[in-house]
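Inspection log for the structure reproduced underneath, given as structure tokens.
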Number of protein chains: 2
Amino acid sequence: MLEKFLETIDKNQLIEKGQGVVLGISGGPDSTAMLHLFWRIRKAFELRLYAVHLNHQFRGEEAEKDADYVKNLCRRLEIPCYFFSENIEAYSQKKGISFEEGGRERRYQLFDQVLLDNQAHCIAVAQNLDDQAETVLMRLMRGSGLEGLGAMDYKRGEHIIRPLLNISRQEIENYCQRHQLNPRIDQTNFQSIYTRNRIRLELIPFIEKYFNPRIKETLSRTASLMREDADFMSSISKKIFEAIAINVEDEVHISVSALQENHTAVQKRVLRESILQLDGKLKNITTIHIDQLMDLVERGQVGSCLDLPNGINVLRDYSKLCFRNKKNNKRLNFFEYPLKIGENTEIRELDIIFSAEVLPKDSRKDLSGATAVQYFDLDKIQEGMIIRNRRQGDKFSPLGIKGTKKLKEFMIDEKISREKRDEIPLVCDQAGIMWVAGYRMSEKYKLDKNTKQILKISYCYKNL
Amino acid sequence: MLEKFLETIDKNQLIEKGQGVVLGISGGPDSTAMLHLFWRIRKAFELRLYAVHLNHQFRGEEAEKDADYVKNLCRRLEIPCYFFSENIEAYSQKKGISFEEGGRERRYQLFDQVLLDNQAHCIAVAQNLDDQAETVLMRLMRGSGLEGLGAMDYKRGEHIIRPLLNISRQEIENYCQRHQLNPRIDQTNFQSIYTRNRIRLELIPFIEKYFNPRIKETLSRTASLMREDADFMSSISKKIFEAIAINVEDEVHISVSALQENHTAVQKRVLRESILQLDGKLKNITTIHIDQLMDLVERGQVGSCLDLPNGINVLRDYSKLCFRNKKNNKRLNFFEYPLKIGENTEIRELDIIFSAEVLPKDSRKDLSGATAVQYFDLDKIQEGMIIRNRRQGDKFSPLGIKGTKKLKEFMIDEKISREKRDEIPLVCDQAGIMWVAGYRMSEKYKLDKNTKQILKISYCYKNL
């Protein structure tokens, strides 16, 4: 299995020598095997490993035992481990999302934070071949296009990697046994437990028995082909969107005639891209909505409107489609406050208080993992720090990537909806953005081996 | 159901007013309902309808009863019906193909013939929504990419239409009952009867019960999206193939550096297109072969070779990939024979005998439906008819389409493999190709209302 793991890493360029890797560890067979595999290659790849475990406070004593198991394993393998414990049920209820969504959201937030705190390069999660096959079938049965059937990728976005994605659950269990890892029964997968279980325990075995004994590999291969095609379609469609879309204040306008010069498959993706650019997400947007939009393009009368989920409204104008966000009416004004070391700065518009303090160099290994805290190399900061919200043309060098990006693009990549983009505090010096608070610091201010003084900036909500 | 049928026809532009439609009729519920639906709209659309029934000589008396049923129904509805009876088992064994393939091949040959004899415009076949859903699942389980998951289209090629593709088997059965059609039990679908039956009787009901009660509609919608995307990918890839491929005698050469400028998804399709252009088909070419080819592109040493199915061999040259067909070695020489009315002409290279005779105008309604026969407007033919095989640069105006096409393109569209292309007799006058014998006559010589004399040309194999 080690060879397969190394081959996957090599073929998909998941990690490079000398990198820091954050490992999401539940204590189940998948993540335990992953931890062990990374531990075995840590020297050859000169890796820094950081395990992260979140107790979802849902299964009482069992969850405590999971945490203990992870603790012991990490101690034995000498891998630093971050433990968190949160009431995910309460969190999810408060946000009006499902338990599974809440758990995923918080896990990834914590992974991100550990990544940033340790200047690590990627977050490894342990989905396997069975998860992939189940995902393909689930999406197929619910109804899905090319993008959905692509299921999970070995690499998602800039940081997430899935090095076990072509290794079956059976192989993983055998591996754990061979290495006497004695993992806990895996409880990480809270997602649609009922549907998943039926796919896993009934549907897949039925297909294996009567149609294709290697159905999991077959579905995984199909998903790879779909991702490849989707990637191409997406790159073409984004280019065309860029060429024919006009941003008018809070709206996105698309020229109908320019749109219609393209293949239907591309037109539909440009329409999706318009919504994504406007709203930062495509949640609840289905093929039915896209078909309605196509109808508005092809047959819509001038002045007719279409209401889409998430408060999006599309107007058919003479020559263009206008995508508008009804939530955008109460837009935040510009704000800007000076940030002084040793003082508190209140952002009245957001009810947030920022503070900044200098830490000695030797405090480095005790740096906190809490959200809402970030560390900077003081010598890299220019005079006159301020906290403000975004301005047109803002640019940013996100930690972990080379080069500069438009702030807007960063926010889109981070799936920050349009109406929230003005509410995000930016910590800046005279040279530019140091920290998109709550999201990412700039590469330009990061700690390195020459760092002499550390500037700690943190914030908290006034009402808490 | 009539509304759904009309909507499908309208939305997919399946037929136009005044056209001739050939209907493949087995006597089962699907084709019977289709016949009845076309009969109901024949006046509004001014349609000429022609039913075709093939007795496969496989089920003895039952098959006779099927034919009788179709005969009676067509008589009652006053639709002309062509009956054929062939030993498909013997035919398939002789050709070394499966019974299902043999049946399909002969059915479509007969449909084509009736289409041409009656100057009809399309061939309607009765696959339904259930067939579509089963096809998607079958292909998914066997392993398939975008093109395969697109399953069947409402329209295939220039002639085939499937107007029932979004109507479920249940709706069709209800329709037959409501109109007291009493169809025969459907036996047309010989395809992988075992696999299909399990999908139909076990897999789909299981999915309907536990996951999605409307799975058939969902799969059909997914297939539509896939076809749309596949169509776009194909059009892009064909353009790129045209731009970077060089035909060198019997080989297809592809510039490696030009290929690699494209997205992987496109590169793979250009490689498939190269094989298609070389061999006229992609039979037995799987994703594994395409991956091997990609490997040859990316890492292949100069001089290394790859053997593919169907005798195709690919050489990695310094700057290009050379696709070669090992079957091409014994290439047929050029041949050319005069064709005289009232005489027999033997094509020695092919062991085929052609004959030509003039028929009076009033024989028109008795024109034969046999293969290897074709009728021409004598007054449109110029002096000096010949029979020859193809030459570089040949052009042709296939019956039923406007404009002229390269003969080579026509042969590719007809899936005629490269090595067979030289073996096809072309009946020509001094102005051009009148008939690609066995495939299609030219639009320019077709019978019309002003036709005074009909020239009948036919051929037969010498050994039969």
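Keep in mind that glycine also has a Cβ here, set from the backbone N, Cα and C atoms.
Close to A:G27 (ATP binding site) in the fold, though at least 6 residues off in sequence, lie A:H53, A:D66, A:A67, A:Y69, A:V70, A:L73, A:P183, A:R184, each with a CB less than 8 Å from its CB. In this structure, A:G27 (ATP binding site) belongs to neither helix nor strand by DSSP; it is coil. The ATP binding site annotation in TrEMBL covers A:S26, A:G27, A:G28, A:P29, A:D30, A:S31.
A mean pLDDT of 88 is what the model gives for the domain 'Lysidine-tRNA(Ile) synthetase C-terminal' (A:385-457). What TrEMBL records for A:385-457 is domain 'Lysidine-tRNA(Ile) synthetase C-terminal'.
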Report, as a single number, how many Cβ atoms besides its own are within 10 Å of the Cβ of A:S26 (ATP binding site).
26
